[in-house]
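The substrate binding site annotation in Swiss-Prot covers M41, G190 and rests on sequence analysis. If you look up Swiss-Prot, you'll see R117, S163 marked as ATP binding site.
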Amino acid sequence: MSKTLLDQIKQANPIITNVANSVTVDQVANVQNIIGASPIMSSDPEEAPEMVAIAQALSINIGTLSTEPIHQMKTLMAEAYRQAKPVVIDPVAVSSIHYRQKIIDELLALGTPQIIRGNAGEIAYLAGLDWQANGIDAGSGEIDLVKVAQTAAKKQQTTILLSGPTDIITDGHHTTKVANGTPLFQVHVGSGDMLTGLCAAFVAVSPDNPYQAAIDAATTFAVAGQLVAEAMPTPLPGSFYPQLLDCLFNITAADVQTHAQVTEVLTHE
């Protein structure tokens, strides 16, 4: 990973404005705060200009939709693009529900986010590829996941983080795989949302290189989860989350570099 981004977060304490999934709002706030960022949750469009002005990045999660949050998302995103602040989007369950597809299409029409983080099914929708999704879960498909991520990145003209047992990060021209992690991520509701929150923290200190920010966020999170699981006598989901927070609080860039299983994928244009 980049040697400096994690340290930069701890030094700069970037403010992250979040429209969060109500199911995981505390998890996202905790993970951002623990690595050194300063999370703010926003729900009223009246505060959008100031919320964006004080922030170094905006994170949008469509996990729990209703009319007011949708209006807030659109208002904040429009303001973030006006103020040239980086935006991260998490298109939760977009592959399964037509209404969510309509909303994400409207959000993406406002401008181009720096990073989109999703599972295989969600990213396949953004790529325009067929995939059998299963609600918020990734589901299954026959298409190579690297191709899914690269196609989505080119179509949306952004950095894609396709998270799963192996994370795939691509801007459509360069692609990286992160093989660290643990199966406990798949049984903990909120793992993806936390990773999205980390992407916002990393891109806040690397707005001109969202691809590297996404790699560093994914690697940090995956290594932390792996270290926790390996240290547990019996890896269990109930005790995994608090220990994950402790690990993220203590982890250093050197720790991540020591354990990272990161490979670059050769891309044929």
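Using N, Cα and C of the backbone, Cβ positions are placed for all residues, glycine too.
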Self-check item: Between G190 (substrate binding site) and S163 (ATP binding site): CA-CA distance (Å)
Solution: 13
Self-check item: Helix, strand or coil at R117 (ATP binding site) [DSSP, three-state]
Solution: strand
Exercise. Between the Cα atoms of M41 (substrate binding site) and R117 (ATP binding site), find the distance and write it as a whole number of Å.
Key: 19
Practice problem: Return one of helix, strand or coil for S163 (ATP binding site), based on DSSP. | Solution: coil
Practice problem: Do me a favour and check the Cα-Cα span between R117 (ATP binding site) and G190 (substrate binding site); whole Å is fine. | Solution: 13
Self-check item: Protein Cβ atoms within 10 Å of M41 (substrate binding site), excluding its own
Solution: 16
Self-check item: Spatial neighbours of G190 (substrate binding site) that are distant in sequence (at least 6 apart) but have CB under 8 A
Solution: N21, V23, T24, Q27, V28, Y241
